[in-house]
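These come from TrEMBL:
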{"type": "DOMAIN", "residues": "5-121", "note": "domain 'Response regulatory'"}
{"type": "MOD_RES", "residues": "56", "note": "4-aspartylphosphate"}
{"type": "DOMAIN", "residues": "148-213", "note": "domain 'HTH luxR-type'"}
């Protein structure tokens, strides 16, 4: 493996200096700069060759994610290892979307940090077990949302309207009066909605709609 030029973006000085100290003792890594802001990182990336950027997502002001987007947009070819104290499905997936090659929690061991950098330098990706679990959970939730969305999309506009009214607490009689149809017709629509969505009852369906932020979609808006 060729010697890798490393840029460290970390706003906590002690952590940045610790990472720099540990990696400086490794023959495969050359620390070109340790900076504390996205603007400083961009300046360094413009002025000298960097192979891997270690990026903290949680920065005051501009997020480390904006640096990933900038690197991705300008196609700089810089590999990125993300460090963060606050890993969740949304920021992990967003970072991967914009080209993150690895992701570690900040409480990772220095040994794992070196292992991740080595893997990334060799053209691989590296995600800690904790981050891998978050990715899997996020994918599962995305599939769940897609499944619910597809099922609701199979409803007619009238069925979506009635579903939205049921979720908002309207009774069959109130729905019938508001949209000028019979109670029996409302009951038939409700039965069709459950059949098409494979829901056991409207409580289960309403819960899925609310959990996946699909209320506007369910109402046809």
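The chain as shown is numbered from 1 upward.
The backbone N, Cα and C atoms fix where each Cβ goes, glycine too.
Keep in mind that TrEMBL annotations are predicted by a computer and have not been checked by a curator.
Residue counts for the domain 'Response regulatory' (5-121) under DSSP, split into helix (H, G, I), strand (E, B) and coil, are 54 helix, 27 strand, 36 coil. Residue density at residue 56 (4-aspartylphosphate): 22 other Cβ atoms are found within 10 A of its Cβ, drawing on all protein chains shown. In terms of DSSP helix, strand and coil, the domain 'HTH luxR-type' (148-213) has 50 helix, 0 strand, 16 coil.
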